[in-house]
Amino acid sequence: MASKRALVILAKGAEEMETVIPTDVMRRAGIKVTVAGLTGKEPVQCSRDVLICPDASLEDARKEGPYDVIVLPGGNLGAQNLSESAAVKDILKDQESRKGLIAAICAGPTALLAHGIGFGSKVITHPLAKDKMMNGAHYCYSESRVEKDGNILTSRGPGTSFEFGLAIVEALMGKEVAEQVKAPLILKD
C-alpha cells in the first residue's frame with residue numbers, strides 16, 4: 001500500500017502548536033507530510049513569534065498533489081491569510097470534489113467558511129471563532145474536542161492538537177495505527 005500523504009498549509013500568523021504537533025503525530029504514523037508555506041519557502045513567523053521553515057512553497061507542493069488530507073492550522077492571522085488565499089480555495093475545492101479529507105483546527109475552520117467548503121457539516125472551532133463560523137448557518141456546531149463529519153475533521157485549539165493529529169491518523173490509517181502512535185506519547189486519557 002502506498003503511504004498516505006498530507007499537506008499542511010502554513011500561513012503567517014499560524015498557531016505553532018497546531019502546526020507542529022499534528023505534523024509530528026502524522027509523521028510518527030508514517031504519513032508523508034509536506035508543510036507548505038502559503039507565500040513561499042521562506043521561514044514563516046507564527047502567532048507567538050516562533051519561526052517554522054516550510055518543506056516547500058504551496059505553489060510547488062500543489063504540483064505534487066493530490067494529497068490524502070489537507071490540514072489548516074489555526075491562529076487568527078493565519079486563518080485570515082488562509083481565508084483570503086485564492087490558491088487555498090482552489091486546493092480545498094479540489095479536495096472536496098475528490099471527497100478527500102480536510103482537517104482544520106482552532107480558527108482554521110473559518111477558512112472553510114470563507115471558501116464555501118463543507119456546508120452542512122458538523123464542525124468545531126476555538127470558542128472565540130464560533131460566532132464567525134456560525135454566521136449564515138452553513139454548519140452545525142459541535143461542542144466536542146474533535147469532530148469528524150464525513151470528510152471534514154475539525155478541532156478546538158492548541159490544547160487539542162494531539163487529539164486532532166491522532167484523529168487524522170485514525171481517519172487515514174485506522175484506529176490500530178492511531179493507538180500505536182498514541183501509546184508512547186504519554187497522553188492523559
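Heads up, the Cβ atoms here are built off N, Cα and C, so glycines get one too.
Under DSSP, C46 (S-palmitoyl cysteine) is assigned to coil, being neither helix nor strand in the three-state scheme. Counting only residues at least six positions away in the same chain, the Cβ atoms of K12, G13, A14, E15, E16, T19, I52, G75, G78 sit under 8 Å from the Cβ of C46 (S-palmitoyl cysteine). Residues or ranges marked as S-palmitoyl cysteine in Swiss-Prot (evidence: similarity to another entry): C46 (among others).
Taken from Swiss-Prot, the feature S-palmitoyl cysteine applies to C53 (among others). Long-range Cβ proximity for C53 (S-palmitoyl cysteine), meaning a same-chain Cβ under 8 A and a gap of 6 or more residues, is found for P43, V44.
Counting only same-chain residues at least 6 apart in sequence, those with a Cβ under 8 Å from the Cβ of Y67 (phosphotyrosine) are R5, A6, L7, T34, Q95, G100. Per Swiss-Prot, the feature phosphotyrosine maps to Y67.
The annotation cysteine sulfinic acid (-SO2H) is assigned in Swiss-Prot to C106. C106 (cysteine sulfinic acid (-SO2H)): 33 other CB atoms within 10 A of its CB, across all protein chains. In the three-state DSSP scheme, C106 (cysteine sulfinic acid (-SO2H)) falls into the coil class.
Residues annotated as active site, nucleophile in Swiss-Prot, with similarity to another entry given as evidence: C106.
The annotation S-palmitoyl cysteine is assigned in Swiss-Prot to C106 (among others) on the grounds of similarity to another entry.
Sequence annotations record features per position, and here Swiss-Prot assigns active site to H126 based on similarity to another entry. Shown in sequence order, G74, C106, A107, R156, G157 are the residues of the chain, 6+ apart in sequence, with a C-beta less than 8 angstroms from the C-beta of H126 (active site). Secondary structure at H126 (active site), taken from DSSP and collapsed to helix, strand or coil, is coil.
Annotation comment: Swiss-Prot describes K130 as SUMO cross-link, evidence class similarity to another entry. The Cβ of K130 (SUMO cross-link) has 15 neighbouring Cβ atoms from other residues within 10 Å, across all protein chains displayed.
DSSP assigns K148 (N6-acetyllysine) to a strand. Every protein chain considered, the tally of other Cβ atoms within 10 Å of the Cβ of K148 (N6-acetyllysine) stands at 21. The N6-acetyllysine annotation in Swiss-Prot covers K148.
Taken from Swiss-Prot, the feature N6-succinyllysine covers K182. Look at K182 (N6-succinyllysine): DSSP puts it in a helix. Close to K182 (N6-succinyllysine) in the fold, though at least 6 residues off in sequence, lie L166, each with a CB less than 8 Å from its CB.
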